[in-house]
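J.: Okay, here's the structure, questions in a sec.
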Amino acid sequence: MSENFNFPSFAQQGQPQPQNLSRASDSSSREDNSRAGHDNLLPIANVGRIMKDALPPQAKISKRAKETIQECATEFIGFVTGEASERCRRERRKTINGDDICHAMRSLGLDHYADAMRRYLQRYRESEELAAALNSGGGGGIQIDVRAELSIFRGDEQQDRN
């Protein structure tokens, strides 16, 4: 039995079509499929781990379910990345960044995901700035005025206000 996963509605003019992601039941056909484009799929162990994290601990996931999500997630990532790449091409840039991904999601009608991605990207950038600031501080350590911090716990701060 063979199933084809091809999403023609995702195809855009001038972009190459993804390789046929057919699934065959015998092992020799699987090996041929692996050489014919399955190497470009997300790692199935990672997909399975993400799926497992979203389910109760006792839930089981079939191999076929993992493979289906693997193919769909790979296609989705390719679809969004293709849109972001097109934006970069129009703007004559060579590097796709997080803002390009957010813009691509929005332009594809995935506003909810774009909003969540924008929030994540903002928190990520803030944490990177904090890490850089901590690493560039004298000697790489954190400098804290311990007396000032302890005064908050002892109530000395209230005495300072009086």
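Numbers here mean position along the shown chain, with the first residue as 1.
Glycine residues also receive a Cβ, built from the backbone N, Cα and C atoms like all the rest.
Heads up, TrEMBL stuff is auto-annotated, nobody curated it.
Since the structure is predicted, the reported quantities are computational estimates derived from the model, not experimental observations.
Per TrEMBL, the feature compositional bias 'Polar residues' maps to 1-27. Per TrEMBL, compositional bias 'Basic and acidic residues' is recorded for 28-38. According to TrEMBL, the domain 'Transcription factor CBF/NF-Y/archaeal histone' annotation covers 42-105. For 1-43, the entry in TrEMBL reads region 'Disordered'.
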J.: Would you mind giving the whole-number mean pLDDT across the domain 'Transcription factor CBF/NF-Y/archaeal histone' (42-105)?
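T.: So the average pLDDT across the domain 'Transcription factor CBF/NF-Y/archaeal histone' (42-105) works out to 96.
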J.: For the domain 'Transcription factor CBF/NF-Y/archaeal histone' (42-105), DSSP counts of helix, strand and coil?
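T.: Here the numbers are 46 helix, 0 strand, 18 coil.
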